[in-house]
Amino acid sequence: MTDRPSILVPLRVLEGESVPEGVPELLAHAHVVLLGYHVIPEQTAPGQARMQFEDRATERLDDYEEMFEEAGATVERRLVFTHDGQKTIDRMIAEHDCMAVLVPNATGPVEDVLVPVRGAIGVDRLARVVASVFGEMDADVTLYHVADEDTTDDDIQTLLGGMTDRLVEFGMDPSTIETRIDRDQDPLDAIADIADSFDTVVMGETDPSLATFVFGMPADQIAERFLGPVFVVQREPAPEDE
Amino acid sequence: MTDQPVDVEPGGENVAGEAPAEEPESVTDDAVVHDDVELERTIGLVGGLAIGIGTMIGAGIFVFPGLAAANAGLAATLSFAIGGLIALLVALPTSELATAMPRSGGGYYFISRGMGTAYGAIVGLGLWLGLMFASAFYLVGLGHYASAVFAELNVALPFSPVIGIGLLFGAALTALSIGGTENTAKIQNVVVGVLLVVLTGFLSYGVLDAVGVFGGGTVPEQFFSKGYLPVLTTAALVFTSYLGFAQVATVAGEIKQPGRNLPLAMVGSVLIVTVFYVVTIFVATSAFGADRLGEFGETAMVEVARDFLGLPGAVAILGAGLLATFSSANASILSASRAVYALSRDALLPRKASEVNLRYGTPHVALLSAGGPILVLVATGRVELLAEVASFLHLIMYGLMCIALIVLRRRNPEWYSPSYQVPGYPVVPVVGALASFGLIVFMQPASIGIGIVVMLASYLWYRYYAGDVTLKGDI
């Protein structure tokens with residue numbers, strides 16, 4: 001067993017989604033769970049699509065697997081035909097205990113990493129992902145917090161300081177870690193704006209609420225606006241009730 | 001998560017040199033697993049129930065009440081109850097088979113694996129054709145409802161638009177399932193939900209009215225006003241209203257947690273529609289008496305609603321009838337396409353038949369080979385004949401499923417380990433088989449004749465095309 005974190009890379013393998021430039025290098029120090037999936041309409045039985053497309057999909061996944069392995073990652077792969085892509089992705093996260101899902105967009109060599117920190121919850125997993133993926137790279141990590149009126153500077157310092165400590169604990173060089181704080185802005189807009197000057201974003205998943213139900217997950221919205229690769233760090237899996 | 005091995009090895013090849021596709025390695029609660037590939041299970045309990053109820057409810061409530069009352073009088077209530085009982089007797093064994101073999105293809109799959117390729121071919125091809133007859137029947141029903149809309153609007157047409165509208169909707173549905181990538185299952189769930197709400201409201205009012213709460217009351221009528229035999233012939237006719245639960249089994253490979261959801265969806269949908277049917281007939285015959293109801297024909301329910309609630313009631317039931325017959329036809333076309341896939345996977349039909357087109361990802365050959373013949377059948381416009389042939393072909397499958405269960409239980413092969421077991425074995429499957437075959441006797445000779453011709457043709461096709469294919473499980 002490796003102590004590399006498992007990162008899920010979902011690709012719609014038959015719809016021309018391939019491994020974008022820079023992504024294998026980005027994940028060189030990770031354990032990649034490569035999910036090739038194909039979403040089919042309900043009129044079609046999944047087995048029917050499989051009979052026709054399995055060979056082509058397997059061929060492509062072979063290529064992708066090689067790309068990740070050449071860059072240095074360890075790779076596991078799955079190929080799934082499904083009516084419901086989200087269900088498949090959720091199942092893969094659970095089965096492989098994935099720490100994060102990568103929204104695969106192209107990037108150049110990674111020098112600056114943006115890590116929006118929302119609150120104390122989930123900081124541990126966030127730090128683990130950042131430290132293990134970027135720890136051995138020559139990248140600068142910026143911890144970013146958008147504070148609201150009620151939050152004192154002390155609170156923010158405790159939050160970001162705690163996060164820095166964890167990163168160092170997991171083996172990161174403190175000199176590569178910066179912090180940045182903005183106030184009185186819409187967090188989502190602020191993150192999306194500032195992200196433009198970074199190469200990649202690592203952020204936590206939010207708890208589902210009415211707002212996320214209506215507008216979608218913030219992480220997904222950032223991914224849509226940012227156009228670079230986004231790591232969505234998953235919440236701690238709920239203890240399984242057998 | 002249960003991990004069930006599959007140990008059936010099909011062999012041989014057909015005239016075109018195609019061999020049956022390999023069986024999966026194992027099936028889990030969430031996927032069907034082939035070496036490197038997984039097929040995700042995505043339909044939950046609600047989706048399963050919606051398929052079952054959505055397929056069934058169109059016919060029994062919106063097309064048959066008038067026809068059934070004309071044939072059997074008030075005792076048509078009993079005919080529907082008999083149909084429901086037979087459906088239940090078959091649904092229980094089917095549930096066991098489906099949890100043992102949660103794969104796409106439903107009854108065809110169980111019979112071909114349990115009893116061999118010849119039986120499988122007759123049932124599989126019969127199921128495909130039976131679903132076409134059923135779809136055509138629903139479409140003609142839809143035509144009647146759409147025509148009633150014109151009548152309601154006082155648009156006088158110089159010809160009867162029933163068949164034309166049926167054809168139009170048949171063609172539209174086929175085109176929609178080939179080109180549509182919308183989320184049809186979600187729509188189906190909503191449609192079924194709306195239907196159940198409308199019907200529950202309407203029937204509750206009707207029952208209260210029938211027992212005299214609103215001062216109306218009804219003249220007590222003789223229950224067996226047409227004698228006893230018509231009760232059984234009517235049961236044979238209206239059995240088409242119960243064909244939906246087996247459609248749940250045709251998508252068994254896509255149902256989540258099949259061990260739990262398949263039995264619940266199948267038995268549940270039979271119980272729910274039986275209650276609705278029996279109450280509907282009771283209410284309808286109470287409102288008008290069987291003879292007048294019979295005169296209204298296919299759209300009798302509209303008159304019943306008008307009697308209770310005036311124009312708004314008639315409009316509501318018209319709308320519900322359109323939705324219900326439409327959803328039934330849609331579900332049947334999709335099931336027919338699944339049946340074609342299962343047959344072609346097993347090399348009983350050319351592989352080409354289940355081809356998926358690149359643009360929409362839909363099985364256009366299978367859908368066209370269902371949609372085309374349906375239009376021809378709609379053009380005949382013979383509601384009762386279409387219904388009975390559909391029932392005939394399904395009843396053969398139902399009877400054989402019960403027998404397949406008995407065969408499998410007796411031989412008890414290692415791979416047969418259903419997580420749901422039928423209660424009352426062996427009585428339930430034996431009675432289920434006898435009742436299924438028995439009901440056929442009460443059909444019109446023409447329906448029986450067409451059914452037998454279809455079965456013969458299926459058998460001959462199997463001998464010619466795929467005589468060497470073996471599908472039977474190792475038993």
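Cβ coordinates come from backbone N, Cα and C, glycine included.
TrEMBL has this to say about the protein:
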- B:49-444: domain 'Amino acid permease/ SLC12A' (DOMAIN)
- B:1-29: region 'Disordered' (REGION)
- B:43-68: transmembrane segment (TRANSMEM)
- B:74-95: transmembrane segment (TRANSMEM)
- B:116-139: transmembrane segment (TRANSMEM)
- B:159-178: transmembrane segment (TRANSMEM)
- B:190-208: transmembrane segment (TRANSMEM)
- B:228-252: transmembrane segment (TRANSMEM)
- B:264-288: transmembrane segment (TRANSMEM)
- B:308-336: transmembrane segment (TRANSMEM)
- B:357-379: transmembrane segment (TRANSMEM)
- B:385-408: transmembrane segment (TRANSMEM)
- B:420-440: transmembrane segment (TRANSMEM)
- B:446-462: transmembrane segment (TRANSMEM)
Is it the case that the transmembrane segment (B:116-139) and the transmembrane segment (B:264-288) have 3 or more CB pairs under 8 Å, with pairs at least 6 apart in sequence? no
Should the transmembrane segment (B:264-288) and the transmembrane segment (B:446-462) be scored as in contact, given a threshold of at least 3 Cβ pairs under 8 Å and pairs 6 or more apart? no
Within this structure, do the transmembrane segment (B:190-208) and the transmembrane segment (B:308-336) have 3 or more Cβ pairs under 8 angstroms, counting pairs 6 or more apart in sequence? yes
Quick check for me: are there 3+ Cβ pairs below 8 Å between the transmembrane segment (B:446-462) and the transmembrane segment (B:385-408), leaving out pairs under 6 residues apart? yes
Among B:190-208, B:385-408, B:420-440, point out the range having the most Cβ pairs under 8 angstroms from the transmembrane segment (B:74-95). B:420-440
Are there residues at least 6 beyond the ends of the transmembrane segment (B:420-440) whose Cβ is under 8 Å from a Cβ of it, and what are they? 85-86, 89-90, 92-93, 95-96, 99, 232, 235-236, 239, 259, 262-263, 391-392, 395-396, 398-400, 402-403, 405-406, 409, 448, 451
Within the domain 'Amino acid permease/ SLC12A' (B:49-444), what mean pLDDT does the predicted structure show? 87
